[in-house]
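**Student:** Annotation source Swiss-Prot lists Zn(2+) 1 binding site at Cys83, Cys86, His103, Cys106. The Zn(2+) 2 binding site annotation in Swiss-Prot covers Cys109, Cys112, Cys131, Cys134. As annotated by Swiss-Prot, Zn(2+) 3 binding site applies to Cys212, Cys215, His232, Cys235. Annotated Zn(2+) 4 binding site per Swiss-Prot: Cys238, Cys241, His260, Cys263, in sequence order. Feature annotation from Swiss-Prot assigns compositional bias 'Basic and acidic residues' to 269-278. According to Swiss-Prot, the compositional bias 'Polar residues' annotation covers 393-404, 473-488. What Swiss-Prot lists as domain 'LIM zinc-binding 2' is 81-141. Taken from Swiss-Prot, the feature domain 'LIM zinc-binding 4' covers 210-270. Among the features that Swiss-Prot reports, phosphoserine is placed at Ser282, Ser294, Ser364, Ser367, Ser452, Ser476, Ser578. If you look up Swiss-Prot, you'll see Thr472 marked as phosphothreonine, on the strength of similarity to another entry.
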Amino acid sequence: MSAVSQPQAAPSPLEKSPSTAILCNTCGNVCKGEVLRVQDKYFHIKCFVCKACGCDLAEGGFFVRQGEYICTLDYQRLYGTRCFSCDQFIEGEVVSALGKTYHPDCFVCAVCRLPFPPGDRVTFNGKECMCQKCSLPVSVGSSAHLSQGLRSCGGCGTEIKNGQALVALDKHWHLGCFKCKSCGKLLNAEYISKDGLPYCEADYHAKFGIRCDSCEKYITGRVLEAGEKHYHPSCALCVRCGQMFAEGEEMYLQGSSIWHPACRQAARTEDRNKETRTSSESIISVPASSTSGSPSRVIYAKLGGEILDYRDLAALPKSKAIYDIDRPDMISYSPYISHSAGDRQSYGEGDQDDRSYKQCRTSSPSSTGSVSLGRYTPTSRSPQHYSRPGSESGRSTPSLSVLSDSKPPPSTYQQAPRHFHVPDTGVKDNIYRKPPIYRQHAARRSDGEDGSLDQDNRKKSSWLMLKGDADTRTNSPDLDTQSLSHSSGTDRDPLQRMAGDSFHSRFPYSKSDPLPGHGKNGLDQRNANLAPCGADPDASWGMREYKIYPYDSLIVTNRIRVKLPKDVDRTRLERHLSPEEFQEVFGMSIEEFDRLALWKRNDLKKKALLF
């Protein structure tokens, strides 16, 4: 590689025939007149320029890299080597030590600031390089021990002769002997020692490292312990106030959450206050009975198309947002008033999807045997009739009133309504617009009841009625036998029955025949479902049927609303897993999972992304 500083005159052979002409290596044209020669190549003066900046290279130095000609400034900028000490580019002789490069004059002892003589021993103590004279006072101990330490390598055990040496772990090492004990990687920068042996950072963490339970990264330096959990000091944050924990400060650990003691106490106080009041934005109160003798109130909330009771709401985590909560002042309630046949028969059929709605009602005592129809508007569809048992005597038999074309008596308030009926409320009074699914307890029938009912009438019936005394109901003069027949041309399927023919005496529901004109309502009872009402959702594992979905379609990956199948229970996504997939995800059977505490189940569900 050479640079031609002065243009050379073209010799006479350049003006020979084209077959012997000399071509420019850059432009490919014939060289005439003054040309430059670089090694065995020829260039026009104007064609010999820097590949990077285009400056003229005829008068200055240049470098050749992969057949390209580059000026000095651009070559140093692109490919040059800097001195570790002065940060200037190195040209000419280079000194390399511990993976770093220096000018010969810049590689000096850190103590006496003198350059190292050629062939002299260099000692590196982990931070600085020292000459042989300055490194002697560093070691502590007898001169014999010092001499032995200087002569033998801590890695190979052989004598360290003239040359560079490295001081680490109170030993001297050949530069090529200071390696990771596990992978054998040469350690020329940071390392971590364990039992007097050096390890690279990756192998040390793989063998002895501790992971942070919050960020799941390895912890180096200070570590905060809470029980069996470990955290970076910056990762251990109170779930309530979001502040870090000071050194020596007490911590309250619950599941995977950590609290300041004061924050935990404040949260408990808030939880107790929340149990005694209902939020107008998140829950609605549905009366168990509208009579003055109603013994209880049942609290529901509408979440993502599902109706949740108070147990389900209490199981929801505080960090999970609740969507689609219907305001209680938007739900229409009407007094229990008897209405004409036209009001009871005018129902419109709209586009509705199947959504379950838990309904529980308690019986109300009454001293009269008369029955009147009332109105209750949770939906605009599926007008189910509920009848309640009699009063103290237990012999008052509720029955379906006979509907006729004659004008009914004036509307009056009744103290003990026993039939619940959906009136013609239209779209404006109904914000749910979903067909309810009525559920009932499956248990024993009371001893005093007669269980004989005609099997054919059971299959035809599509209305739920509180079962009274069978003989009294059959002989009741208020029951019109003509109204028990099915209208011709009406296609209805019977309600699905729970396993077993007996029901709990507290909820002695039975079936009665439909009212006249039932086929005109456009109602479809085929989706009616009988399931336990008000029972513990966990206890109803074997009673309620959960549709099986693959694990991938049930995963909740973040805190925003996730698109899940419509018919899944968002509070119990794990119930929609098959037993085999449940065992694979949680490492236990369903029965073992149900026996765990609630906080433990929620913690496992969070780790499985099903919470």
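For all residues, glycine too, the Cβ spot is worked out from N, Cα and C.
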**Student:** Let me check the 10 A CB neighbour count of Cys86 (Zn(2+) 1 binding site). How many other CB atoms are there?
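**Tutor:** The Cβ of Cys86 (Zn(2+) 1 binding site) has 12 Cβ neighbours within 10 Å.
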**Student:** Determine, using Cα-Cα distances only, which of these binding-site residues is closest to Cys86 (Zn(2+) 1 binding site): Cys112, Cys212, Cys235, Cys263.
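**Tutor:** Result for Cys86 (Zn(2+) 1 binding site): the nearest of the binding-site residues is Cys112.
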**Student:** Inside 8 A of the center formed by the CB atoms of Cys109, Cys112, Cys131, Cys134, which other residues of the chain have their CB, for the recorded Zn(2+) 2 site?
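**Tutor:** For the Zn(2+) 2 site, the extra neighbours are Val108, Ala110, Val111, Arg113, Leu114, Met130, Gln132, Lys133, Ser135.
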**Student:** Which residues in the same chain, at least 6 apart in sequence, have a Cβ under 8 Å from the Cβ of Cys134 (Zn(2+) 2 binding site)?
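**Tutor:** For Cys134 (Zn(2+) 2 binding site), the qualifying residues are Cys109, Ala110, Val111, Cys112.
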**Student:** Could you put numbers on the helix, strand and coil content of the domain 'LIM zinc-binding 2' (81-141), residue by residue per DSSP?
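**Tutor:** Reading the DSSP string over the domain 'LIM zinc-binding 2' (81-141) gives 7 helix, 15 strand, 39 coil.
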**Student:** Let me spell it out: for each of the binding-site residues (Cys106, Cys212), count the other Cβ atoms within 10 Å of that residue's Cβ, using every protein chain shown. Which one has the most?
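**Tutor:** Output for this query is Cys212.
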**Student:** Starting from the Cβ centroid of Cys212, Cys215, His232, Cys235, the recorded Zn(2+) 3 site, name every other residue in that chain with its Cβ within 8 Å, sequence order please.
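**Tutor:** My list of surrounding residues reads Asp213, Ser214, Glu216, Lys217, Ile219, Tyr231, Ser234, Ala236.
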**Student:** Quick one: give me the count of other CB atoms within 10 A of the CB of Cys241 (Zn(2+) 4 binding site).
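**Tutor:** Looking across every protein chain shown, the total is 12.
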**Student:** Could you count the residues of the domain 'LIM zinc-binding 4' (210-270) that DSSP puts in helix, in strand and in coil?
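**Tutor:** Its residues fall into 10 helix, 16 strand, 35 coil.
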**Student:** May I have the list of same-chain residues other than Cys238, Cys241, His260, Cys263 whose Cβ is within 8 Å of the Cβ centroid of the recorded Zn(2+) 4 site, in sequence order?
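**Tutor:** Checked against the 8 Å cutoff, the neighbours are Val239, Arg240, Gly242, Gln243, Trp259, Ala262, Arg264.
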**Student:** Cα of Cys238 (Zn(2+) 4 binding site) to Cα of His103 (Zn(2+) 1 binding site): how many Å, rounded?
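**Tutor:** Taking the Cα atoms only, Cys238 (Zn(2+) 4 binding site) lies 54 Å from His103 (Zn(2+) 1 binding site).
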**Student:** Out of Cys83, Cys112, which of these binding-site residues shows the lowest number of other CB atoms within 10 Å of its CB?
**Tutor:** Cys112
